[in-house]
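Structure first, commentary second.
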Amino acid sequence: LLMFAPLIVYYFIMSCDQYQCSLIDPLIDLLTGNKHLSDIWNKTPMLTYRAAGIYTLWVAFQVGLYVFIPDFCHKFLPGYVGGIQEGAVTPAGVVNKYEINGLQAWIITHVLWFANAYYFHCFSPTIIFDNWIPLLWCANILGYAVSTFAMIKGYFFPTNAEDCKFTGNFFYDYMMGIEFNPRIGKWFDFKLFFNGRPGIVAWTLINLSYAAKQQELYGQVTNSMILVNVLQGIYVLDFFWNEAWYLKTIDICHDHFGWYLGWGDCVWLPYLYTLQGLYLVYHPVQLGTANAVGILLLGLIGYYIFRMTNHQKDLFRRTNGNCKIWGKKPEYIECSYMSGDGTKYHSKLMTSGFWGWARHFNYTGDLMGSLAYCLTCGFDHILPYFYIVYMTILLTHRCIRDEHRCFSKYGKDWKRYTAAVSYRLVPGIF
């Protein structure tokens, strides 16, 4: 993965730049001898001072928004949870505090983006697309630099030595991370920053830059590009609206910080999660009304399932089961588990609502939304469908990881739960 994943990203971006997003034509050229690897590489834009300056300013700006501007959104947005929040208990028994201000950072960034686009004109809205490959090299440099720094820090000056994990395998430790919550100072948490900023804030800006490029090239923005911007924009806004809830997810609660998160959030996320918009720059698709409405409904229903499933679980946990799911008291299975120090704890696993349909039905909604993004691009090329293939693999693997952890934690009680809710993702199928 350390070697192959960066090549995958390069191959996808290069295929759009040189082969109109065809994944097959580069291979045909190489196999038939029409081109050599050096020919493709020599046509690839290299790192430029302009791209380095843009990327440095971008990351520095997001660091500034994260560290120096306390959240004010929670003071006037009803229902939004921001400001200082506590994370889950770490294996060493530490409860970290976080400054939740991602929504604020997203709003400030996008207000400035639109202010520039319509009033100040300091740079073109197509600036991201126009420097896309040179920015790729910048993102890789940061991804590998922060991953390397995190490993060195874990060895020599960890934030909490008791929350470090050494396997003895250098490559595994580098990839999956040593420190659980590497930090600099009181508030700069590597995991929260790189998971949420700069990659996810940039996601919607990247799509806006693609739309601007489509307008520049063809004189219009297609309805498929609008759908991509709207559906993925909803997903991004949902992430930041629920950033405090994100502190309880697998990424924060279980994963250590290494290359998997560091490089992944700097390169993999912004470059491969935005392939639909990139594809539509090269192949603009104007969908029929029925197709556009169908895709929009699929995306919105998927989002509804994703959000409501997570809401049901959160409500159940916050009230300890003293709530109503779909108008009635939820059903659940009583479980117990032993902590590392031998203390016995009790827990409840809900079997009502969407959680009675499948054990990870929130992932099912996520996959429906992912498919909607891809369908906006039509069926001429396979490249934009990489996202749904990747998300299916990722979320299925995450299901297995999570259930392995739960079985280790709950034992026979977990077997009772899986007997009550027999499907993982798709009721009646899987």
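Cβ from N, Cα, C; glycine included.
Annotation source TrEMBL lists transmembrane segment at 47-69 (among others). Distant neighbours of the transmembrane segment (47-69): 99, 101, 104-105, 108-109, 127, 131, 134-135, 137-139, 142, 185, 187-188, 193, 197-198, 201-202; these residues of the same chain sit at least 6 beyond its ends, with a Cβ under 8 Å from one of its Cβ atoms.
Among the features that TrEMBL reports, transmembrane segment is placed at 103-120 (among others).
The annotation transmembrane segment is assigned in TrEMBL to 132-152 (among others). Cβ atoms under 8 Å from those of the transmembrane segment (132-152) belong to residues 6, 9-10, 13-14, 17, 44-48, 50-52, 54-56, 59, 173-174, 177-179, 182, 190, 194, 257-259, 262-267, 270-271, 278 of the same chain, restricted to positions at least 6 beyond its ends.
Residues or ranges marked as transmembrane segment by TrEMBL: 192-210 (among others). Away from its own ends, the transmembrane segment (192-210) comes close to residues 58-59, 62-63, 65-66, 98, 102, 105-106, 109-110, 113, 125-129, 146, 225, 228-229, 232-233, 236, 239-240, 243, 246-247, 251-252, 257, 261-262, 265-266, 269-270, 273-274, 277-278, 280-281 of its chain (Cβ-Cβ under 8 Å, at least six residues beyond either end).
As annotated by TrEMBL, transmembrane segment applies to 217-237 (among others).
Cβ atoms under 8 Å from those of the transmembrane segment (257-275) belong to residues 2, 5-6, 8-9, 12-13, 136, 139-140, 142-144, 146-147, 150-151, 173-182, 190-191, 194-195, 198-200, 202-203, 206-207, 210, 232, 251, 383-384, 386-387, 390 of the same chain, restricted to positions at least 6 beyond its ends. The transmembrane segment annotation in TrEMBL covers 257-275 (among others).
Per TrEMBL, transmembrane segment is recorded for 287-306 (among others).
Per TrEMBL, transmembrane segment is recorded for 370-395 (among others).
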